[in-house]
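Report on one structure; see the data block that follows.
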Amino acid sequence: MNQNSDTTHGQALGSTLNHTTEVTRISNSSDHFEDSSSNVDESLDSSNPSSNEKASHTNEEYRSKGNQSYVPSSSNEPSPESSSNSDSSSSDDSSVDRLAGDPFELGENFNLKHYLRAYKDSLQRDDIITRSSGVCMRDHSVYGVGSGYEFLKTFPDIFLQPYRAITEKQVVEKAILSHCHALANAGELVMVLGQPGSGCSTFLRSVTSDTVHYKRVEGTTHYDGIDKADMKKFFPGDLLYSGENDVHFPSLTTAETLDFAAKCRTPNNRPCNLTRQEYVSRERHLIATAFGLTHTFNTKVGNDFVRGVSGGERKRVTISEGFATRPTIACWDNSTRGLDSSTAFEFVNVLRTCANELKMTSFVTAYQASEKIYKLFDRICVLYAGRQIYYGPADKAKQYFLDMGFDCHPRETTPDFLTAISDPKARFPRKGFENRVPRTPDEFEQMWRNSSVYADLMAEMESYDKRWTETTPASSEAPEKDNFGSDISATTKHELYRQSAVAEKSKRVKDTSPYTVTFSQQLWYCLARSWERYINDPAYIGSMAFAFLFQSLIIGSIFYDMKLNTVDVFSRGGVLFFSILFCALQSLSEIANMFSQRPIIAKHRASALYHPAADVISSLIVDLPFRFINISVFSIVLYFLTNLKRTAGGFWTYFLFLFIGATCMSAFFRSLAGIMPNVESASALGGIGVLAIAIYTGYAIPNIDVGWWFRWIAYLDPLQFGFESLMINEFKARQFECSQLIPYGSGYDNYPVANKICPVTSAEPGTDYVDGSTYLYISFNYKTRQLWRNLAIIIGYYAFLVFVNIVASETLNFNDLKGEYLVFRRGHAPDAVKAAVNEGGKPLDLETGQDTQGGDVVKESPDNEEELNKEYEGIEKGHDIFSWRNLNYDIQIKGEHRRLLNGVQGFVVPGKLTALMGESGAGKTTLLNVLAQRVDTGVVTGDMLVNGRGLDSTFQRRTGYVQQQDVHIGESTVREALRFSAALRQPASVPLSEKYEYVESVIKLLEMESYAEAIIGTPGSGLNVEQRKRATIGVELAAKPALLLFLDEPTSGLDSQSAWSIVCFLRKLADAGQAILCTIHQPSAVLFDQFDRLLLLQKGGKTVYFGDIGEHSKTLLNYFESHGAVHCPDDGNPAEYILDVIGAGATATTNRDWHEVWNNSEERKAISAELDKINASFSNSEDKKTLSKEDRSTYAMPLWFQVKMVMTRNFQSYWREPSILMSKLALDIFAGLFIGFTFYNQGLGVQNIQNKLFAVFMATVLAVPLINGLQPKFIELRNVFEVREKPSNIYSWVAFVFSAIIVEIPFNLVFGTLFFLCWFYPIKFYKHIHHPGDKTGYAWLLYMFFQMYFSTFGQAVASACPNAQTASVVNSLLFTFVITFNGVLQPNSNLVGFWHWMHSLTPFTYLIEGLLSDLVHGLPVECKSHEMLTINPPSGQTCGEYMSAFLTNNTAAGNLLNPNATTSCSYCPYQTADQFLERFSMRYTHRWRNLGIFVGYVFFNIFAVLLLFYVFRVMKLRSTWLGKKITGTG
């Protein structure tokens, strides 16, 4: 038996699920765009038709054996159980035969059941203990806080919050789950059913004891006698909660994602002498084969923003990763979402197989589950508003509610029927039972507690408790080590369970540790994962490398070849300041990165894969080589271009402090992200930190000039110590030749150096050089002996910050779990909501805000059918027929030609509801996008016609498109969103009042009156899934689409009742005359009956069927059965049947080409003839419409009206998202005060004038975080425009750009003014200047234009960038570039000749010159004692006599303070601040010119926004259509 092999990787099928808890890994090798060729139909023990038999009697054979694991029979014979399950297909026989050969073969005939039995055989042979567990949860209640409703908080509410916190009644504690029970023996499957908000997710979390985020939890839970506290402490990896959302590192491939989970849970006691690497590889291939993912091994998992595997494949990656962690008890929260019915069945069937063979216990919530899936479960739990109304055998659940008095539709599936019980509008009592059935959750719960099924459950729980909590000593006869039979005692079970877990742990892992591998192994695995994440993201690596190289070349050329003289003394400080600041601040993006991966780390932490500290340390380590390379390139280029101290020691010291400074700041930003609860607060503190770091590094203002109230900040700034050491390294033991001695000019050439001085602070009289060490001490108070002391301090800061990050990662567990709640505008909420918010109200379910007493305070829709029918009569009735023929769609992927649609044809007519179906990846959404003219890449060929004529520019405006993703402006109310659509999409000839009246009709039709004034928001904070879907449909209906309504997966993610409600609504729309084409994923038989026609696609975008469905799908079923398909059972679901027939599913295949069957069928010929007839009838018709000018226009409304509507909506969006405005306001006020009091009350000394220069400079640098704050909102609005509004031609892109620019102006003026006041008056710019009112007004005016400048600059950058992250990088790069040439860091006179043009080109030259020259013009300079230059005159002359010629003939001469002295002449280099500004080429006389030029730059930016938006967002869309070949016949 292999005990060690502690190399790198892991084990098989999750040690086959904890040596009873892991199933399925990965194995395929084709690109994920291709059809999978692996056949896993027979890999699933219930995938054959006969397997339904086994499922129907819910595995009684297994349950009759209690917890006894399967004991394999001879490997050469099929087991009796196998025979009893009637798996009698020939393929099954061949699988059994193959068991005698290589049972671990993962070929095309792979059989999961046989694999697992062979695997258990090998465990027995190697004497490996396995473990399994059941669960008993008794009287469990979960409480949270919140009413389920909130009032919208606008910007002013931030200031009113303290008052309302006092006056408004505090929200009371609410019950999410109330006195629920759960019991599952090892190896059982439990389905949890209920409407959204019933508490299903909370129930699953409770089963896995994942309840730390709730307010309070009551009740007891144990796992075969192991207390939940002990289970979470010692065996947390045995409990899995797999959430609904797919949370992964998007840059990792599928194989890398699964490998990592398997490595971290690889047991030490592996069967068959497998090494860790062999184990991990086998696990990966096994899980992937079971879930049909092998072809995605080398494809990135991706996410909504990173292209990767498809949505259905990503869901399967989530499931596979869960299996790789080897849980004994797994809870799967709506894990079938996004999967087609066949793939969903395959997933649950794998759970069934693992339950049977490995005793893995699973709880599953699933929406729209099929009958076939339902039959695989042992127990059913039904929840109603947090109340448990049934928990018992699956085969008794339906009858329980039938006996209660409810009726079930003949073709309604059992899961749909059970879910409908909790919906008052969907449940139907039988005749005579109307007043006898329960109505409220309390009544249902009470009836359940009085039932015999409840009594049976209590008796079974009592027996379970007695069995697994007894303390009888273990039997003297040792039980089998690979099973926990029903005859063993609780003590023996617990000891064996502990032994099994301990045996899996690597050496040096404590027996009580929850982790499987050592910390060093965890660290190694995390290092490998971090490396893979970097390598798989070449765009990030490339952008960072480019940024470092670009900046080094720019700065190096600006400060090119500095001389060892006093002219470049100031410039050397500028180079060193920029070097360390730039390298350090490149880590600012770490904040966003840390928050993006926080949910992933939390998920892995819950599964005990690794210490979070291992990930913290690994990410810091992996970052080092990339930082080393980037800073190496930066240092080499910049150091030698600028001619810094050219010694080996000087260069390596420079490099060392840049590297350690950047590394320390990376740890600072990471630790900041680790201790903050959300990204907004971390980013705000990060922005403030950047400002403090930049100011207190020591270059902008020497620390000795900072007031005592802020001076301590410098000692918290690691870069201050780094900058000090860089300055010491550069200046120590060096003498800088004086470029010009004072006095100079005619008559002074013959005087010796002894009578002159260098005009530099710290210069000694009578010397022609400046000593570097003295300069540092006099100017900065730097002492050369502190160089290496500073290194130790920075390392100490780094160690402390890493420690903080590690402690935060291990101890802090931020509450990211929020219940769903509606948000209403104040004064517009229903009365019940006002009561719920202001008075505590009724107990509401925090998952959706439903009244836990059974009502729903937001459902007040009228039930008057007659009234609703009148509203349907107002729907625009269509008369046009949309048809397409021979439609092909080709794209290029990595240079390879792919055809996504292949010769598709069909038509949609008014009054008919047409379904578009197919498995995942068949091209449903692609076809919908092509038909709706919404694809922007590739080549489309074929005919798309309206009434036999080609499409015109009005097509998109006259159609509605309901996207699968509900894309909205989250801050709009439902009514506002519909009014916006109606106002801009209905013809201009229709009065606005009439448009709004129609909106009210649509709201009534969709039964949205009760939440019409609710904010759409985001999922969790706003409308729930069904409400958002209704709002999306409403937005399209409000436009009165005269031609066609497209809908993409309108029922995706909805429970069965919500899906039924949506489809019934579509049915009524079609009956009212609307033409509808709708894709649908998992329709039940009843749902499917609502459709008139079907277009069925198979992989490759090939048509399998198009035509009528027929009553009860008879026409459709007859077609397939007449062409050789097996007969569809009378109680079967036709939608599932046709998908099974054509081989849909992740692992399914078919031996027949149904596309070829269709092409050769009479039905296809009939459709072609029908298309010819339709087109001919319209082409021959004399009644051809002549569209008016209004009808022919691309947009329904004029540009001015578009701008008005979009601007109003954007302003509302800003006003209703107070976090954006508050962060902007807080940054302006805080930064203004911070800079103001840092440079507080500057006097008239030379250093004071320079400090004022940097005070102005820092005021302009503030634009960087402000731009970073406005770009995400701009991109958010732009994404809505691009995804939904632009394709529908709602309004012009010009309207979008102008509205985005205009809406920023009032906020910039108000907040900019507040910054100006907080910045201007503490520095006391107004002191000592003439006409302070005029100059203050000028400075304010120029700064207000600067507010407009940076906002339009940021919008221009955002227009060209795909996302906010990229925009932030580009923005920082460009902003740094333009701000570098303004003459502050390097005066224009010192610039290399090549760059002089850039000084004149950058707008910051005119901004800073305008502000500073205005604010210091005419100020007298009063040198302080250390700023005075001491000159010794020749013997016999007074200071005045000696200096008179110099002072008279030189306009730039300073001020001589003691003209009568004969020694030690005190000379101040400047008389006025204007002379100081001349050094930077700044003049007061340019101020109005500067204002005019800067205003010109503002208008240039506006033009740039328009141009870049057109080039990157509009022209791109249009240019791609040039590649399309779409023909028409009209």
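Every residue, even glycine, has its Cβ placed from backbone N, Cα and C.
Looking at Asn630, Asn1449, Swiss-Prot tags one of them with N-linked glycosylation site, and that residue is Asn1449. Looking up Thr21, Thr413, Thr491 in Swiss-Prot shows the phosphothreonine annotation sitting on Thr491. Among the candidates Ser198, Ser489, Ser1113, the residue that Swiss-Prot annotates as phosphoserine is Ser489. Feature annotation from Swiss-Prot across Asn18, Asn67 places N-linked glycosylation site at Asn67. Neighbour list (Asn334 (N-linked glycosylation site), Cβ cut-off 8 Å, at least 6 residues apart, same chain): Glu244, Thr365, Ala366, Tyr367, Gly1053. Comparing the glycosylation sites Asn450, Asn1175, Asn1449, Asn1460 by how many other C-beta atoms lie within 10 angstroms of each C-beta, the top residue is Asn1175. Nearest by CA distance to Asn450 (N-linked glycosylation site), out of the glycosylation sites Asn273, Asn1175, Asn1449, is Asn273. Taking pairs at least six residues apart, the transmembrane segment (1255-1275) and the transmembrane segment (1392-1412) share three or more Cβ pairs below 8 Å and count as touching.
Closest to Asn1460 (N-linked glycosylation site) in space, going by CA atoms and restricting to the glycosylation sites Asn273, Asn1159, Asn1175, is Asn273. A distance of 54 Å separates the Cα atom of Asn273 (N-linked glycosylation site) from that of Asn1159 (N-linked glycosylation site). The CA atom of Asn1175 (N-linked glycosylation site) is located 21 Å away from the CA atom of Asn1159 (N-linked glycosylation site). With a cut-off of 8 Å between Cβ atoms, the residues of this chain six or more beyond the transmembrane segment (539-559) that come close are 568, 571, 574-575, 578-579, 582-583, 586, 626, 629-631, 633-635, 637-638, 640-642, 1366, 1369, 1373, 1376-1377, 1380-1381, 1385-1386, 1390-1392, 1394-1395.
Comparing 575-595, 620-640, 649-669, 1367-1387 for CB pairs under 8 angstroms to the transmembrane segment (1338-1358), the maximum falls on 1367-1387.
Beyond the transmembrane segment (575-595), the same-chain residues lying 6 or more positions past its ends with a Cβ under 8 Å from any Cβ of the stretch are 544, 547-548, 551, 555, 559, 562, 630-631, 634-635, 638, 642, 644, 654, 657-659, 661-662, 664-666, 668-670, 672-674, 678-679, 682-683, 686, 690, 693-694, 697, 699-700, 719, 722-723, 726-727, 730, 1365, 1368-1369, 1376, 1380, 1385. Around Asn273 (N-linked glycosylation site), a 10 Å sphere centred on its CB holds 12 further CB atoms from the protein chains shown.
Within its own chain, the transmembrane segment (1220-1240) has Cβ neighbours under 8 Å at 155, 158, 680, 684, 687-688, 691-692, 695-696, 701, 706-707, 709-710, 1214, 1251-1252, 1254-1255, 1258-1259, 1262, 1265-1266, 1269-1270, 1273, 1307, 1311-1312, 1314-1324, counting only residues six or more beyond its boundaries.
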